[in-house]
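J.: Once you've had a glance at the structure underneath, I'll fire off some questions.
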Amino acid sequence: MASNSLMSCGIAAVYPSLLSSSKSKFVSAGVPLPNAGNVGRIRMAAHWMPGEPRPAYLDGSAPGDFGFDPLGLGEVPANLERYKESELIHCRWAMLAVPGILVPEALGYGNWVKAQEWAALPGGQATYLGNPVPWGTLPTILAIEFLAIAFVEHQRSMEKDPEKKKYPGGAFDPLGYSKDPKKLEELKVKEIKNGRLALLAFVGFCVQQSAYPGTGPLENLATHLADPWHNNIGDIVIPFN
């Protein structure tokens, strides 16, 4: 009996088409077949590093969750929710910052490093794309930003639903993407992935500027492409002289 069952399993594994008929004698062998639920669970179990166990508190339900938490920072549920929110907010800021750095430099209006030099001058006037910014002195801008950000953060902190704090919808969804739940979940994953890429890009801009002070990312890239063997990160990290 056992040998018959094993033979049935072996044949079914090699010739799965034999199971397609409801009259097949191999159906009674109870061979488990993959189904949509199993495939979904397999995808959910994707790890950030093969062989590393997924923490129990990272179950794959959050957008972009691949079980990455080597320091165990999210073990406390309240902290985990706060980190999710903080990551998303920082991702959105980075996605605004990276194009804001690249586009003006690409248009020939200077780089983001030199754009800050006015703030170091007494009575310096801020400009944007060559035009003076109204109320563009440093103390005035700091006061406006402090009041504006304080108001927005206060309003956001009053929301008790963690999902609404991250995805408020309403006026922040003018195209109505949140009306389709399936589409919304897909967009959440795309947002967090693009946001993480933008965070890495901004860190790269900062490192590049520290290595080559006064240069923007596009200028630095052009210099590297002109002579890749001599203009690279190794030229700074490894002291040749």
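Note that Cβ sites are derived from N, Cα and C of the backbone, with glycine treated the same way.
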J.: Of E87, E159, E163, E219, which one shares the chlorophyll a 1 site with F68, R196 in Swiss-Prot?
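T.: It is E87, as the record lists it for that site.
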J.: Going by Cα-Cα distance, pick out whichever of the binding-site residues F68, E87, V133, R156, H224 is nearest to E191 (chlorophyll a 3 binding site).
T.: E87
J.: Using a Cβ-Cβ cut-off under 8 angstroms and a sequence gap of six or more, which residues of the chain neighbour R156 (chlorophyll b 4 binding site)?
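T.: Within the chain, R156 (chlorophyll b 4 binding site) has Cβ neighbours under 8 Å at K165.
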J.: For R92 (chlorophyll b 2 binding site), which of the listed binding-site residues (E153, K190, Q208) have their CA atom within 10 A of its CA?
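T.: The binding-site residues close to R92 (chlorophyll b 2 binding site) (Cα within 10 Å) - there are none.
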